[in-house]
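Asks: Below are the features listed in TrEMBL for this protein:
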- 134-158: transmembrane segment (TRANSMEM)
- 140-393: domain 'Ion transport' (DOMAIN)
- 192-210: transmembrane segment (TRANSMEM)
- 231-251: transmembrane segment (TRANSMEM)
- 257-275: transmembrane segment (TRANSMEM)
- 296-318: transmembrane segment (TRANSMEM)
- 359-381: transmembrane segment (TRANSMEM)
Amino acid sequence: IGNTVLHILVLQPNKTFACHMYSLILSYDRNKEGPGSLELIANNEGLTPFKLAGVEGNTVMFQYLMQKRKHSLWSFGPLTTVLYDLTEIDSWAEDQSFLELIVSTKKREARQILDLTPVKELVSLKWNMYGRPYFCFLALFYVLYMVCFTMCCIYRPLKPRTGNKTNSRDNTIYVQKMLQESYVTYEDELRLVGELITVIGAIVILILEIPDILRVGAAKYFGQTILGGPFHIIVITYACMILVTMVMRLTSTTGEVVPMSFALVLGWCNVMYFARGFQMLGPFTIMIQKMIFGDLMRFCWLMAVVILGFASAFYIIFQTENPENLGQFYNYPMSLFTTFELFLTIIDGPANYDVDLPFMYSVVYFAFAIIATLLMLNLLIAMMGDTHWRVAHERDELWRAQVVATTVMLERKLPRCLWPRSGICGREYGLGDRWYLRVEDKVDPSKHKMMRYTEAFKAQDRDNYDKGFEKLEINRNILYKKELSALSLSQSTSRTSSHRGWEILRRNT
């Protein structure tokens with residue numbers, strides 16, 4: 001019951017009342033330390049009160065709980081050294097990491113905890129010491145891997161075509177070799193080494209991605225921008241295309257260019273995932289993701305309807321014409337592709353002035369230019385501008401959350417020998433087996449000076465009050481009016497002295 005009440009207090013809107021009641025309930029807890037403590041009991045979702053405060057973005061309760069967990073080592077003037085307990089904060093050996101919970105929640109208030117002590121210092125320590133070097137090495141390794149795969153595709157086994165052409169528009173001069181002909185020469189053996197590296201890399205990608213999908217859940221894993229959702233879809237699809245290409249090569253099935261082309265595009269697009277490790281490029285990838293999965297996805301539905309309607313009209317108009325004079329609409333798939341190019345103004349309107357064009361082509365093309373170019377493209381630009389304005393206010397915040405998610409991912413994937421635990425063991429300071437993070441807090445000298453002024457003024461007010469009280473005690477036998485005048489004089493003196501002191505404080509500020 002006590003643990004349930006603690007979880008309810010974390011969700012209370014009145015933060016001050018919740019903190020006082022939280023302390024009151026814990027004062028009756030018999031097992032304040034150890035696994036039996038009320039603070040360490042999780043709810044049905046596996047969240048303790050501390051983790052629930054982070055998920056809900058309750059910064060007041062989080063700071064209150066952290067104040068209870070800190071230990072001051074020493075203080076010298078404005079400089080103070082504090083040890084913060086990393087229990088439930090550090091992602092080391094945690095199945096449900098506090099940092100991962102914060103970056104995966106949809107509440108923006110939760111990401112503000114990443115800027116609070118000691119979370120900010122812990123993430124900075126992990127990222128600067130281990131996360132950034134490993135991430136840069138991983139980016140370099142992936143680029144070299146993609147270069148190897150690209151070279152294997154460029155020099156794939158081909159042979160000259162021997163069959164006769166059955167169509168005047170057939171332009172094929174090379175065809176794919178059979179499996180027995182693909183690995184004969186020394187160059188083929190070199191390509192085989194690159195292909196084996198590519199296939200092994202695809203299998204490793206699937207081995208690393210599938211456990212996380214099962215642990216987090218497909219909806220959250222692919223739907224969260226901070227966790228790299230779209231890039232996870234890209235890299236898994238890339239790995240599947242590699243395996244499909246391998247099967248088609250082993251079975252000598254023609255058409256391997258289709259999965260190979262998809263794999264090349266997806267593999268190189270996934271390089272943008274590594275931009276999150278750099279402050280100059282990371283926020284722009286967030287902007288691209290927001291625009292693609294926000295504005296562009298909605299716009300594509302409208303674009304598909306317009307292209308389908310006008311492509312059908314163009315195909316019907318040129319269905320009776322000779323395709324050799326105007327071949328952009330000679331069949332329906334080509335009409336769709338040509339209309340798509342016209343929609344994006346990649347090409348100009350196809351026209352052959354050596355022959356007579358149908359009159360309806362001019363009418364339909366005029367309507368298409370008005371609707372597609374002038375209306376819909378400008379609508380897309382306006383939508384993207386509005387999205388850019390909205391995301392620009394929080395893109396740096398989202399980028400910092402991406403850095404945290406990347407750090408947690410690397411800490412999970414890498415062996416323990418390559419990523420030692422961050423912090424200081426409490427046994428060095430007689431605090432048990434828990435781990436702590438040492439943070440040096442430096443108070444602003446101007447604020448420190450203001451605090452000293454305030455304390456001096458309070459002491460001066462107390463002295464004036466004491467002097468007035470002693471004067472009243474001595475003159476107790478004097479007339480009542482004189483007592484009142486003495487009291488009034490003492491109070492006015494105190495008020496004047498306090499007013500003078502606060503005026504000095506305002507000027508210093």
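In case you wondered, yes, glycine gets a Cβ from its N, Cα and C as well.
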Asks: Are there three or more C-beta pairs under 8 angstroms joining the transmembrane segment (257-275) and the transmembrane segment (134-158), sequence spacing 6 or more?
Replies: yes
Asks: Using Cβ distances below 8 Å and needing 3 or more such pairs, separated by at least 6 in sequence, tell me whether the transmembrane segment (257-275) contacts the transmembrane segment (296-318).
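Replies: No, the transmembrane segment (257-275) does not contact the transmembrane segment (296-318).
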Asks: Sequence-remote contacts (6 or more beyond its ends) of the transmembrane segment (192-210), Cβ cut-off under 8 Å?
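Replies: That would be 145, 148-149, 151-152, 183, 232, 235-236, 238-240, 242-243, 246, 413.
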Asks: Go through the chain and flag residues at least 6 beyond the ends of the transmembrane segment (231-251) whose CB is under 8 A from any CB in it; none is fine as an answer.
Replies: 149, 179, 182, 195, 198-199, 201-203, 205-206, 209, 221-222, 259-260, 262-263, 266-267, 269-270, 272-273
